[in-house]
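Enquirer: First the structure, which I've put down as structure tokens, then a few questions once you've had a look.
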Amino acid sequence: MASLPPHAGPATPLSPTRLSRLQEKEELRELNDRLAHYIDRVRALELENDRLLLRISEKEEVTTREVSGIKTLYESELADARRVLDETARERARLQIEIGKVQAELEEARKSAKKREGELTVAQGRVKDLESLFHRSEAELATALSDKQGLETEVAELRAQLAKAEDGHAVAKKQLEKETLMRVDLENRCQSLQEELAFSKSVFEEEVRETRRRHERRLVEVDSSRQQEYDFKMAQALEDLRSQHDEQVRLYRVELEQTYQAKLDNAKLLSDQNDKAAHAAREELKEARMRVESLSYQLLGLQKQASAAENHIHELEEALAGERDKFRKMLDAKEQEMTEVRDAMQQQLAEYQELLDIKLALDMEISAYRKLLEGEEERLKLSPSPSSRITISRATSSSSSSSGVGMSVGQGRGKRRRLETEDTSGSPSRASRVSSGSRLAQQTVATGVVNIDEVDPEGRFVRLKNSSDKDQSLGNWRIKRQVLEGEDIAYKFTPKYVLRAGQTVTVWAAGAGATHSPPSTLVWKSQTNWGPGESFRTALVSADGEEVAVKAAKHSSVQGRENGEEEEEEEAEFGEEDLFHQQGDPRTTSRGCRLM
């Protein structure tokens, strides 16, 4: 623009219109300067842009070549990894079949050992019975021997008593003979005394008559009354004398007869008692001999039975020792084979883990390259490549503690949730959209031999499994379940319920329509449903109140934003691939694998 000429004359006052035009000219000058500066800046930026476009084209060529090489390498590595995975799966199936066979053989060996142990227990019980019978027989024999000795002592005493009784009997016979002789003698003496008495009586009567005659001669002169009195007194005195004499003879005879009869009765009674004692002693001696013979036969039979039982026990012990040695050798061989199988599986798992790590590194590198290319295409406003959509899937495995053979296999597939963004490169305006999805995370923990094998999302049943080789008592145990933030519900087992080794039990809700069939199928009649939902917590609580197994699931939502640009599509999937990990490996606690 042309500048104003200098004013030669004196300064004149400027009008407001003049002043406004001068200000507008000054503003236009400044704007022209700014426009020229902006044009220079635009030209410099265009030159820089051309230079950057040239560099970008060069980078694209280099990147295309590198991506093609990496893609070829990745595809070959992926094919090798898939081949190794297929071989690993086949090898794992073969090893599982072999492990099943080994476990079946081990179970048969255990059953055989249990059977042998049962036979040994029965034989030991029989031996104990025979030993107790033998000891009882020995005790009875000792008792019989002591009884025999006592009986022999009694027999000796009875024989002594019998000898004494026989001696007494002989003495009694002799005494009886003496008494008989004495009786005869006494009878003779009595007869003699009677004869003497009769003679004395006759003599006495003769004397009385003589005395009476003398008195008659003397008392011729006595008064007749006095004579009668004298006769009466004389007759009375004679009568008294006669009665006294008869009484003495009678008393002597009675006493003699009583003494003789008493001695005779005593002798007969003593003889009868001696005969009875001797007969009883003979009978007892006969019975004792019979009992001794019977006990001797029983003792001989028991000794034969004990000898046969000892021989059988010895044979059973030898057979059991042989079976134990055979079973121990088989068990050692099986354990060695299982150790080799575990080592082989561990080696394959290590190789598989290395392949997964390599695959994860390749996935991350390819993802980084693609993000870099998409950023350059977006900045340079180039058309996106046909493969602008990226899909990332994660496979996670939850480790659960179990007491099996030593391997823990993740089971069950979670539900798949996706986050997708559509390609909006053809739209003239830049739009902002939000896409939402959900994620389901599950966790299973078991500290004992019984774990929670399966929980129905619809709340129809809960299944428990005994993964050990021993029976587990679940008396008064409870299954507690809580859905979201609701109240706890608990199912309580009966006091005598036992879960067999390797078996499962399913507790159905009453609304599921299942049939109550213990011990594998139980129906909770007071509860129509366990509570449906994908976010829950189920716990197995022992009778002491300790949680021995827990299975929890949490359902969460995720969001992704798209601002007129093409972003990633993320696919979260639990159990996308079956990942087999050695139990106790710390790497299996929480590990993810990204797959193209």
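Glycine too: its Cβ is placed from the backbone N, Cα and C atoms.
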Enquirer: Hey, which of Arg214, Arg413 does Swiss-Prot call omega-N-methylarginine?
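Expert: Annotated as omega-N-methylarginine in Swiss-Prot: Arg413.
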Enquirer: Using only C-alpha positions, which one of Ser15, Lys173, Lys233, Lys465, Ser473 is spatially nearest Lys59 (SUMO2 cross-link)? These are the recorded positions in the record.
Expert: Lys465
Enquirer: C-alpha of Lys173 (SUMO2 cross-link) to C-alpha of Ser294 (phosphoserine): distance in Å?
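Expert: Roughly 42 Å, rounded to the nearest whole number.
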Enquirer: For a three-state summary based on DSSP, what are the helix, strand and coil counts in the region 'Coil 2' (235-378)?
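Expert: Helix, strand, coil within the region 'Coil 2' (235-378): 144 helix, 0 strand, 0 coil.
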Enquirer: Relative to the Cβ position of Lys233 (SUMO2 cross-link), how many further Cβ atoms are located within 10 Å?
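Expert: So the Cβ neighbour count for Lys233 (SUMO2 cross-link) comes to 10.
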Enquirer: In whole Å, note down how far the CA of Lys465 (SUMO2 cross-link) lies from the CA of Ser15 (phosphoserine).
Expert: 105
Enquirer: Including all protein chains shown, what's the count of other C-beta atoms within 10 A of the C-beta of Lys173 (SUMO2 cross-link)?
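Expert: Looking across every protein chain shown, the total is 12.
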